[in-house]
Ligand SMILES: CC(=O)N[C@H]1[C@@H](OP(=O)(O)OP(=O)(O)OC[C@H]2O[C@@H](n3ccc(=O)[nH]c3=O)[C@H](O)[C@@H]2O)O[C@H](CO)[C@@H](O)[C@@H]1O
Ligand SMILES: C=C(OP(=O)(O)O)C(=O)O
């Protein structure tokens, strides 16, 4: 098992290029199942979750490969799909594998997908995905850990989902994506009320539109989809939107460690809530259409925030901003409203000397002048990122164990940090180096 060894205390200077978004890449790879034509995606980040998704697609019978010369390009040909079953063994490490359910059911009329199960940050049910597909006429049974779904029988014996008006009980990101993909090939009109507005949803909608889907209202709470009989390859391929959470993570790293860094291929307009809070913390932030610059010349000021759906403060940035507050001047209150158990990083941050008290969904953080390096254990993806940020400012050495969580969602994080001056290296257990 790999771990990261960080020697803290170096300010960060230079430029970092942000990769394509994990949370857009995963649904967009699955969207390739909606057509028998080969789909090309570019700006595909090199992540464990992407590798897992490619494995799932291959298991279904699709070919799914990275281009040998341009590794950010992936080609998926789902014209050869021969199975509609995503088994537990492939699905268990990644909740987003539920995203094959909508496309398989829409194109083949049947799907059997293992329940993704809970994870460290909460129980994460998929009842809203099921409720929406049922409204579209699907017969769904959940048995032996699998969701088994059949679309209603239509004319000439063909199974096809029917458009429907669906209001989800809460705003769900992958739920909106699954239902939007399913509706793209359904018979008639679907209206998704209470839809999620995260930037990855308009990005997926734009890809589907290039494939011939008829969609309106993406990026708002009400998405309308008129189903078509067939989808094609997106002409000219589709470039995945930059990862706003990776960009936000680097901004927090600089806010905590100090320095002056420009993020390339980053969209400030997708990070308004985080940038506002960083400015409140005393950072100077300037931005253009595809870059963001952060200048951190003084110790940050503690800033309170509460996670909410987009465009509010993202839950996926809560842990990283908590790490900034740990070394800030003053005290801050952080409320987590999206997931019931997303404070797993708190105990590890405390091991580094942070002062944090948790009461239910709220954490009170009192900034300390210095953290001190120690061995800590990553418990989930963003928790790992918060420990790396804390390690960058801690005195002495910090070892972050179990970084397979980090590798799920960050593309060469330690290389990117090293390039801007961090003293960080990956230690592999097998080689010891
Ligand atoms: C691959 C991907 O894009 N992952 C993101 C996606 O996860 P994901 O799409 O899984 O998160 P959701 O938006 O669905 O979850 C929001 C809340 O709704 C609940 N819920 C959701 C669906 C459902 O059927 N029933 C239900 O109760 C969840 O438990 C959670 O409390 O959005 C989250 C919230 O921004 C982010 O943290 C994840 O990084
Ligand atoms: C929670 C996250 O991802 P996932 O939904 O893929 O577990 C995340 O990206 O922070």
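From the backbone N, Cα and C atoms, a Cβ is placed for every residue, glycine too.
Keep in mind that what you see is a predicted model, and the values were worked out from it rather than measured.
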If TrEMBL gives 95, 124, 125, 126, 127, 128, 316 as binding UDP-N-acetyl-alpha-D-glucosamine, which of 285, 292, 294, 338 does it give for that site as well? 338
Out of 95, 124, 316, which binding-site residues lie by ligand 2, with a C-beta less than 6 Å from some atom of it? 95, 316
Recorded UDP-N-acetyl-alpha-D-glucosamine binding residues, 95, 124, 125, 126, 127, 128, 316, 338 - maximal Cα separation rounded to whole Å: 22
For the binding-site residues listed here (22, 95, 124), which one has the lowest count of neighbouring CB atoms within 10 Å of its own CB? 124
Name the residue among the binding-site residues 23, 128 whose Cβ has the smallest number of other Cβ atoms within 10 Å. 128
